[in-house]
Structure formats: structure tokens, C-alpha cells
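Asker: The structure that follows is given in the form of C-alpha cells.
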Amino acid sequence: MVKALLVGSKVLIPNVDESRYIYSTGFYGKAIGISKPKGPKDIIRPLELSLIESVYLAKKGLIKVIDKNGEVLEYEKLYEYSSKIINKFDIMYRVYEDLREKGFIVRSGVKYGADFAVYTLGPGLEHAPYVVIAVDIDEEITPHELLSFGRVSHSTRKRLVLALVDRKSESVRYIMFKWVKM
């Protein structure tokens, strides 16, 4: 199991060989100081993981997260910690996990105004074809919000996907929008 260190809202894998291994299992994390690696061979620095990635990898048994006091944070404790740091973490994590389990590569979508950028092949191999916004199925979305989501995805030539999370059934449903010129 790979040793990872919790540092605020990030998790660091200091060992470069272990960083390369984790990256190779599904394009997880970002190598510090390397902007666009083409593959695992380009991972020559420690890897920085988001909390969502870290919770997922901890649940899978791929990483062991250690806090500043040297305590190992098991999946449940790391999930609880992340819920306090990230707004709507439970919704975001449910979507992240569902997409990963379906075989997609899921990265942060912040630069696209979304929760996630989703790849079928991986970053460095293609541009993300989808941007995903995670929403509680019971939450109302105004027409204005929907248009603003669409504007971002259209200007970046990505398909907008709303991921609707039903907390009761723990299911995720997806609605994809394709914008057309008329």
C-alpha cells in the first residue's frame, strides 16, 4: 500500500516511484511542477492528490493516508475529514466514484466552471469531452443556472452533463446536453 501524507486539503505521495504507480492506475493526481504529463514515465516528482481522489484510493486500498500527527486515516475518517473541508462533498464523491467505477477518468473541472472534467482515454491523450456538475436530485436548478452551465461547456466545446444524486437510493442519474446552432 502506498504511503500518502495529508496536508490541509491535499494529499501528497512523496515517493516518486509510488507516485508513478498511482498515476499509472488511472491518471490520479498531479505531479508537482509538471503541467501536462503524457503518461506515467513523465511523473518524476511527488504526486499531489485531491481529497476526493484520496478518499476513493483509500477505499480501494491503494493508499494509506497519514495525518500530521502520524495517525493513519482509514477511509471513513478521511471521508469525514473531507466532508468538513469540501462543500457538498457527499454529492461530489458519489458522482466521482460512480464515474470511476464506469471506467471514466475524472479530474477537477474548476477551470471549466464545473465540478469535474471527464475523459474516456485520459488527460494528455485527449481533451476532456465532458464537463460534469454534481447536483442533489432534490435541489432546484434555475433556468439562469442551467444557461450559465451551458455557456461554459459550449465555449470550451465540451458536452455538459448534470449528475443527479438521489441520496435516498444512493443512485446517480445523468442528463447530457448538446448545444446546437439553429
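Backbone N, Cα and C atoms are what each Cβ position is placed from, and that goes for glycine too.
Pasting the feature list from Swiss-Prot:
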{"type": "ACT_SITE", "residues": "TYR119", "note": "active site"}
{"type": "ACT_SITE", "residues": "HIS127", "note": "active site"}
{"type": "ACT_SITE", "residues": "LYS158", "note": "active site"}
Asker: Fewest other C-beta atoms within 10 angstroms of its own C-beta: which of the active-site residues HIS127, LYS158 fits that?
Answerer: HIS127
Asker: Relative to the Cβ of TYR119 (active site), which residues of the same chain, six or more apart in sequence, are found under 8 Å away?
Answerer: PHE27, PHE104, ILE105, VAL106, ARG107, LEU125, GLU126, ALA128, PRO129
